[in-house]
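As recorded in TrEMBL, the features of this protein are as follows:
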type	residues	note
BINDING	27-34, 148-151, 177, 185-188	ATP binding site
ACT_SITE	34	active site, proton donor
BINDING	61	beta-alanine binding site
BINDING	61, 154	(R)-pantoate binding site
Ligand SMILES: Nc1ncnc2c1ncn2[C@@H]1O[C@H](COP(=O)(O)OP(=O)(O)OP(=O)(O)O)[C@@H](O)[C@H]1O
Ligand SMILES: CC(C)(CO)[C@@H](O)C(=O)[O-]
Ligand code: BAL
């Protein structure tokens, strides 16, 4: 398969559409995470449809002092990755092509969800991101658009925009692709020195520590449901001198409340440790949130949640997250 490079909206519009169109939006510097999105898009579009990959470093979503100028731009290599993964078209417009009148005066507002976590650390980021996503959806007119779970808040906001503003496009989320040691693939990983990369591993390790604690507590919780009179049982076992069994039954009885706090604490321990590494990890946030609005979940929360982390290592800011389900088994 040969991938066609298009640079202008006119070229894109002149292209005769065929079958189902699936779009993957990127800022370039493509890696295996992007390739996975493109392969998934190929599967959705099928052999008779088409896959369009956009490559555009959007100035609108970068704040002052962020890495807009040094963000890697590697179009030649990107074309090869896109082609190998099955893209029909790479649409790589210039800034002037996307914003012909300069910065747009009318923009999408991300609302309250866009002010939390990433939005609090990067004011205006999500307005700029949604504005370009809206433009790219209008330019590429896909049936389906795919985004990575790695940028969970971005994915949630795009879903919200599409629903709230009736964009009429299917949004598909793709699970995070990781290195073998757990580090989430990210274009910004290429900024890291080997020492910084070692420290950066703490992000995913913290999430997995939170996940391990979560799995253990959910198992206890499920057992608590099976044994209704657990506290009474613990006391009875204790009275009989069965101290280990009593301690176990006690843990089951106490497992129900406080799971989110315990998950946060387990992750936090790993991050606190990494704050003492050389170079140190500087935590921006660790949060356990409801993915429908990215607000912190309470101790009695049940359903899908996201454990999210953002931190700086040297001059590089990285994010990662992991989905967790509370009270799954009933
Ligand atoms: N490791 C990954 N797994 C799955 N999807 C990913 C991964 N990394 C990026 N993506 C997705 O690829 C799309 C384009 O992302 P982008 O070009 O910003 O790459 P990135 O690696 O996230 O870069 P950055 O370092 O800027 O965060 C987004 O939908 C993003 O969520
Ligand atoms: C969705 C996106 C391409 C918009 O610029 C960007 O935020 C990204 O690469 O995740
Ligand atoms: N990967 C999300 C885009 C950004 O960091 O600007």
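Cβ atoms are placed via backbone N, Cα and C, with glycine included.
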Residues that sit under 8 angstroms from residue 154 ((R)-pantoate binding site) by C-beta distance, when 6+ apart in the chain: 118, 126, 129, 147
Under 8 Å by Cβ from the residue listed as 'beta-alanine binding site', counting only residues of that chain that are 6 or more apart: 124, 125, 126, 128, 129, 132
Rounded Cα separation (Å) that holds between residue 177 (ATP binding site) and residue 34 (active site, proton donor): 9
Among 27, 30, 177, the most crowded of the binding-site residues [Cβ within 10 Å]: 30
Residues among the binding-site residues 27, 30, 187 that border ligand 2 - Cβ under 6 angstroms, in sequence order: 27
Close-lying binding-site residues around ligand 1 among 27, 30, 61, where CB distance stays under 6 Å: 27
Where the C-beta lies under 6 angstroms from ligand 3, the matching recorded positions among 33, 34, 61: 61
Euclidean distance between Cα atoms of residue 34 (active site, proton donor) and residue 27 (ATP binding site), Å: 10
Per DSSP, three-state class assigned to residue 27 (ATP binding site): coil
Cβ neighbours within the same chain of residue 34 (active site, proton donor) - under 8 Å, at least six residues apart: 24, 26, 53, 81, 85
